[in-house]
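**Student:** I'd like to ask you about the structure that follows.
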Amino acid sequence: MRSNFVIPGEVVGTAEEFLPGEGTYVRGEHLRASTTGVIEVDAKNRSAKVLPRINAPVTLRNGDVVVGQITDLKESLAILRLAFKRGCEERPIHNSEALIHISRVKNSYVKDIRSVLGLRDIIKAKIIDDTPTIGLSIVDGDLGVVKAYCGRCATPLRIEGDRLVCPDCGQVESRKLSTDFGTGVIR
Ligand SMILES: [Zn+2]
């Protein structure tokens with residue numbers, strides 16, 4: 001299942017490229033999403049819109065793959081707000097808070113979860129605990145960070161060789177990356 005998903009505030013394209021369609025707004029040079037959904041580009045009219053999700057809530061179970069954004073980080077714990085479940089991109093998640101414990105990040109020892117995850121990062125993860133709180137794992141190779149934001153200036157980071165570099169301020173950071181990182185799609 002592929003999708004070009006965005007969450008509110010994310011860049012859909014440049015205002016030069018696209019006219020703002022439904023579910024988007026223009027701020028500065030960029031067209032941004034006003035809703036969580038999937039980008040649809042109308043090449044003929046050079047416009048882009050974000051199709052919001054329909055209302056029937058999705059249920060979450062062990063083994064499901066989900067995508068969410070990190071809203072808080074402590075030494076041994078990351079807190080996420082879930083955006084959608086893979087295969088159900090257009091449907092909302094009701095109880096959307098989830099946790100990643102430091103022991104569920106890599107096969108090898110991690111001293112501080114903040115060395116492999118960053119605030120605002122978008123994460124693809126597998127549910128390993130569905131009650132009472134949703135617990136996630138990102139140990140597998142296809143799981144982990146799919147979009148990363150600079151810890152200093154919040155600009156999206158880019159891969160240069162095997163490093164993650166901020167194109168704006170030059171900061172170098174490290175993450176536990178998903179193989180989907182930088183592709184804009186969730187496989
Ligand atoms: Zn930066």
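Cβ atoms here come from the backbone N, Cα and C positions, even for glycine.
Relevant sequence annotations retrieved from TrEMBL are reproduced here:
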type: DOMAIN; residues: 63-129; note: domain 'S1 motif'
type: BINDING; residues: CYS150, CYS153, CYS166, CYS169; note: Zn(2+) binding site
**Student:** Over all shown protein chains, what is the count of other CB atoms within 10 A of the CB belonging to CYS150 (Zn(2+) binding site)?
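**Tutor:** So the number of other Cβ atoms within 10 Å of CYS150 (Zn(2+) binding site) is 22.
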**Student:** Based on DSSP, tally up the residues of the domain 'S1 motif' (63-129) by helix, strand and coil.
**Tutor:** 6 helix, 33 strand, 28 coil
**Student:** List the residues of the same chain that sit at least 6 positions away from CYS169 (Zn(2+) binding site) in sequence and have their Cβ under 8 Å from its Cβ, in sequence order, or write 'none'.
**Tutor:** CYS150, ARG152, CYS153, THR155
**Student:** In the structure shown, which of the binding-site residues CYS153, CYS166 has the fewest Cβ neighbours within 10 Å?
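**Tutor:** Among the binding-site residues CYS153, CYS166, the sparsest Cβ neighbourhood within 10 Å belongs to CYS153.
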**Student:** Other than CYS150, CYS153, CYS166, CYS169 themselves, what residues in this chain have Cβ atoms within 8 Å of the centroid of the Zn(2+) site's Cβ atoms?
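**Tutor:** Neighbours within 8 Å of the Cβ centroid, excluding CYS150, CYS153, CYS166, CYS169: GLY151, ARG152, ALA154, THR155, LEU157, PRO167, ASP168, GLY170, GLN171.
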**Student:** Check the domain 'S1 motif' (63-129) for me and report the mean pLDDT.
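**Tutor:** Over the domain 'S1 motif' (63-129), the predicted model scores a mean pLDDT of 93.
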